[in-house]
Amino acid sequence: MNLMPRYRQVADNFAIEDRPSKVAAPQLLLWNDSLAKAFNINVVPELRASTFSGNEQQAIAAVALGYSGHQFGHFSPRLGDGRAHLLGAVEDAQNQLWDIQLKGSGATPYSRGGDGRCALGPAIREYIMSEAMQALGIKTTRCLAVVGSGETVYRNPPQPGAIVTRLASSHIRVGSFQYLATQGDVAGLKNLADLAIERHYPKIQATGPERYLAFLAAVIKNQVELVVSWMRVGFIHGVMNTDNTLVSGETIDYGPCAMMNSFDFDTVFSSIDKQGRYAFGNQPNIANWNCARLAESLIPLVNDDDEQAVALMTPIIDGFAEQFNVEFSAMWATKLGLAGTDTADKELIAELLQLLKEHQLDYTNTFDALTESLTGGMSIPEVLVQWAGKWQKRTDDRSYTVMRAANPRVIPRNHVIEKILSEYNKTGSSELLHEFMQVMHTPYENTDKLAKFQDAPSSDKEYYTFCGT
């Protein structure tokens, strides 16, 4: 495993050198063998637990990164990696660098009094969700390993501790730029923006202010595409703070996330999102808002005069809504296999969504049924039969293939994950987890054990998600 240092060149106080804290009895619980092979991570089995617990990393100059964040709209100027250590980066087969980070590896200078640890349940949840999202075709951070610490993490209630090994194409967040902007560190901002462009947007060849305007536009494009992909499968992030918004356009932080069952744009599962700020249907607005916060941070790189900088960036920010509407309409067209375009399509889609909400139909299973109905494989829900007569006139012989690629047959449902975690906690068995991950590996295909994980819960009104911190 060849680790390459990064981030230290950005600013003096951006990446603080720190080392993981040793744990009592590391035990490898989950290992992502295909991911390890993709990155040529050749750690022998007997050393994996000690390596990815942090116990073998004492000689490596790991770092904790600083960042700020708007958390539920309230600004915190100093957050940072309070329980994570960035070891460096590894190269994939395309020679692209990916950060490798330990999460739950002990307190850092950014811990703000926290213990720096992670409980086992949230660690397993991150493993399941990140790999499920990858299989669903959604840009995401990845999970290489989960290592039990052999120690108790004092949450409510006390739980076994664990360390997650996370891979990401970078950990550069909107909050990373806010952190340097708050300090007035223009040189650091430029270094960070140039690093982000180098890693994620190398096609940007412009110089001067145009370079950073192009960067902002590229981030917006990726955020639009990311949120549309979330909504295609019913994913609700739950904590879309600016510190959880990567400029790469990858999904990060699966703590309070959930999947929508019955369709409703107002769906919220997070226990702390009392106002529905991060509801399913509000995710585009929040992504737009977060991009505006990035733009504010980039002002010194665009023009010395704030008003002129804002004038240059405002049209780019305002373009988010139009881009989203185009991509969102295209998403519904693929989910319904609509042939060509028709002025009545908007009304057709709106009618379907109203029926889904009114009859509390399951989002995933309804679109699966519509897809399979084109080949006679499944019947359409009775309440949709009249609507389906109009829809079928808009399909053609290519519709099934288009719909099958857009509509998963299985998703990481909330109650399924809870069942997996419950079984693991009670018996220590990962059999159900591996069985589910095998099915989830091909979520758009019909596999042997698919039906076991397809059923929607009778109700999830009392289901709440929590941050694992």
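Positions of Cβ are set from backbone N, Cα and C atoms, glycine also.
Per Swiss-Prot, ATP is bound by Gly80, Gly82, Arg83, Lys103, Asp115, Gly116, Arg166, Arg173; the candidate from Asp253, Asp264, Asp266 named for the same site is Asp253. In sequence order, Ala84, Asp99, Ile100, Gln101, Leu102, Lys103, Glu126, Ser130, Thr141, Arg142, Cys143, Leu144 are the residues near Arg166 (ATP binding site), counting only same-chain partners six or more apart with C-beta under 8 A. Using a 10 angstroms CA-CA radius around Asp243 (active site, proton acceptor), the binding-site residues that qualify from Gly80, Arg83, Asp115 are Gly80. Asn244 (Mg(2+) binding site) is 15 Å away from Arg83 (ATP binding site) when you measure Cα to Cα.
Look at Asn244 (Mg(2+) binding site): DSSP puts it in a helix.
Of the listed recorded positions, namely Asp115, Asp243, Asp253, the sparsest CB environment within 10 A is found at Asp115. For Asn244 (Mg(2+) binding site), the number of other Cβ atoms no farther than 10 Å from its own Cβ, over all displayed protein chains, is 21.
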